[in-house]
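**Student:** Can you read through this structure? Questions will come right after.
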Amino acid sequence: MKESFYIEGMTCTACSSGIERSLGRKSFVKKIEVNLLNKSANIEFNENETNLDEIFKLIEKLGYSPKKTLAEEKKEFFSPNVKLALAVIFTLFVVYLSMGAMLSPSLLPKSLLAIDNHSNFLNACLQLIGTLIVMHWGRDFYIQGFKALWHRQPNMSSLIAIGTSAALISSLWQLYLVYTDHYTDQWSYGHYYFESVCVILMFVMVGKRIENVSKDKALDAMQALMKNAPKTALKIQNDQQIEVLVDSIVVGDILKVLPGTLIAVDGEIIEGEGELDESMLSGEALPVYKKVGDKVFSGTFNSHTSFLMKATQNNKNSTLSQIVEMIHNAQSSKAEISRLADKVSSVFVPSVIAIAILAFVVWLIIAPKPDFWWNFGIALEVFVSVLVISCPCALGLATLMSILVANQKASSLGLFFKDAKSLEKARLVNTIVFDKTGTLTNGKPVVKSVHSKIELLELLSLANSIEKSSEHVIAKGIVEYAKEHNAPLKEMSEVKVKTGFGISAKTDYQGTKEIIKVGNSEFFNPINTLEIQENGILVLVGRAINEKEDELLGAFVLEDLPKKGVKEHVAQIKNLGINTFLLSGDNRENVKKCALELGIDGYISNAKPQDKLNKIKELKEKGRIVMMVGDGLNDAPSLAMSDVAVVMAKGSDVSVQAADIVSFNNDIKSVYSAIKLSQATIKNIKENLFWAFCYNSVFIPLACGVLYKANIMLSPAIAGLAMSLSSVSVVLNSQRLRNFKIKDH
């Protein structure tokens, strides 16, 4: 059984990986993925052995709060920005008290100059008050940090909580010594760390605020798409307009769409017209004109006139619902490259605590001064610095932020990745297999030429009247051509469709009722022929003389034209060193012509679904990493077999289950965009990981005091600043993906 839920209380990747590790050990858990940024979790478990309530109890024991849905955050009296501002103000106040006299004695009143026991004690008490206020604004670090430590799942908050608490306790002890006059020399006289506690918390809070703002911006961009779902719609029932819940709409319902409203479900216009903003699907800002017979999709915006539409999908199966599901999966899943960071994070925090304790003991022993309290002060500074400077967040954010921003960028390009692994794998593709009809071509054959043995208008009238009864794309092409030439309609009876061959009907022909047939050559037993040398889709029109003989009256030659810009985009793909293949069920001449025209390396014609499947198997057996690009319908087996499946979606025709990547642009450029975005994302992740590993590898030893003899020691305050800058640098580097652009050549 698969379930999705949310977990509150996580602060860094050590939290999320700790939950995964703890639950992953359970025999009834098959798979679990926890995402730190959007607080989501996906789990697959054996429902015969446990249930979701039991899993929630296990997570609660670890110190976190699992919930089926995320409750809206309660509005607090002080906003996060106000809290941060107050923390900064009181930190500056404490720093002023502790260091003002060092800059200039005139900066402090004489009563606070710490020149005697009384002024020292008064100054320290004011520092303590300011410190407690700053700690109050940063209390979440202590609540979450000590809770995680209690449950043996230490995280970044645990490091901050332990380090600053140790500094506070030491300062309180020094304050006691001053108050009781038990100090021994200048080193033990009022050696406080209140300013270190405040500065550490302030820098960490600033870093977290920048981190959260960046994360929220990326998540808000995604959630804005989800907000395109209207709650109600106007249903036409018994000639009355009734406002109904979108969830109650069923296929076939007639809905009225007013100007300035969102489309509730997928459907088809049956009366009126409109201009729709489909940017949430395609990324294109220009409105799209829609008329009777055109499809409209949920979540798109009707800007001007009102129209009537018939629902073709319910809310659950609508285009917007499928996009929301894909976004949720993409945000919640993890890329393979993140596994390394997770493995390191799982042992990182305990290792840092061990290193800090070891460094404390060593410095207590080897510190150069004979005085114990001076040595204790140096050892404590090293202990706090090691805890504070280590940055598990940078490791966790390295992949999560890049993938989050990349998915946001993809949606603006009309691309949706099924999960993080799809985003990661697209860059490795070295072979792309294209379907032809509807993928490389428009999927709407148009009449190229007409060959008639009877009067042309009569031939068009016969074909128009019969093909009007068919939904086939070829039939629509002939009907459109006949309309352009004002061909009249005839009355039809006894309409019969032979799937895959053609359609026949009885109609008036030269004053008598005749059976007229329209279809491919296999549909006829002709007693005469037509000499046609053109390549294209051949559709014959004839009269049935008897059951075994047909008289040909004429023929249409149609062609399915390549989409605009396809040739250039195929060339872009080939410039990446990728081999291209065209697999189509069309005849050899048409497929060959298309492949040559577009510059595709190889092709297979007359290909049935099994033939396409076998070709992809063959390519994979040769070690190729194959991307299949199709329409998601008759290509489903091939899409499932490929390493990366791309569906060129046409609204509700999209098959999310078969697709790794869905393009609502219905444009081959999106294939190139997906590959380039994948490359840029993985490069960005590697940059983040490199920085995170290098930072911790260099700065933790520095905090331990390895360069003491070179007079280089990091104070706890500087350590806090370095840790915050490390996380912020990873976040800001990930934001560079927002500026990702596709070059046209």
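Glycine residues also receive a Cβ, built from the backbone N, Cα and C atoms like all the rest.
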**Student:** Same side of the membrane for Q174 and N375, as recorded in Swiss-Prot?
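**Tutor:** The record shows them together on one side of the membrane, with a shared topological domain name.
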**Student:** Among the residue ranges 527-545, 641-659, 717-735, I'd like the one that Swiss-Prot describes as transmembrane segment.
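**Tutor:** It is 717-735 that Swiss-Prot describes as transmembrane segment.
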**Student:** Cα within 10 Å of D435 (active site, 4-aspartylphosphate intermediate): which of the binding-site residues C12, C15, D631 qualify?
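**Tutor:** Qualifying among C12, C15, D631: D631.
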**Student:** Out of 125-144, 152-172, 686-705, 717-735, which stretch touches the transmembrane segment (195-215) the most, going by CB pairs under 8 Å?
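**Tutor:** Against the transmembrane segment (195-215), the leading stretch is 717-735.
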**Student:** Using all protein chains in view, find how many other C-beta atoms are within 10 Å of the C-beta of D435 (active site, 4-aspartylphosphate intermediate).
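**Tutor:** Cβ-Cβ neighbours of D435 (active site, 4-aspartylphosphate intermediate) within 10 Å number 26.
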**Student:** Short question: most Cβ pairs under 8 Å with the transmembrane segment (152-172), which of 125-144, 344-366, 686-705?
**Tutor:** 125-144
**Student:** Quick one: of C12, C15, D631, which of the binding-site residues has the smallest count of other CB atoms within 10 A?
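**Tutor:** If we count Cβ atoms within 10 Å for the binding-site residues C12, C15, D631, the smallest count is at D631.
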**Student:** Between C15 (Cu cation binding site) and D631 (Mg(2+) binding site), find the distance joining the two CA atoms and give it rounded to the nearest Å.
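**Tutor:** A Cα-Cα distance of 41 Å.
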**Student:** Would you mind listing the long-range same-chain contacts of the transmembrane segment (125-144), meaning Cβ under 8 Å and 6+ residues beyond its ends?
**Tutor:** 9, 11, 63, 83-84, 86-87, 90-91, 93-94, 97-98, 112, 155, 157, 160-161, 164-165, 168, 171-172, 175, 192, 194-195, 197-198, 201-202, 204-205
**Student:** Which whole-number value in Å describes the distance between the Cα atoms of C12 (Cu cation binding site) and D631 (Mg(2+) binding site)?
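**Tutor:** Spelling it out, the Cα of C12 (Cu cation binding site) and the Cα of D631 (Mg(2+) binding site) are 40 Å apart.
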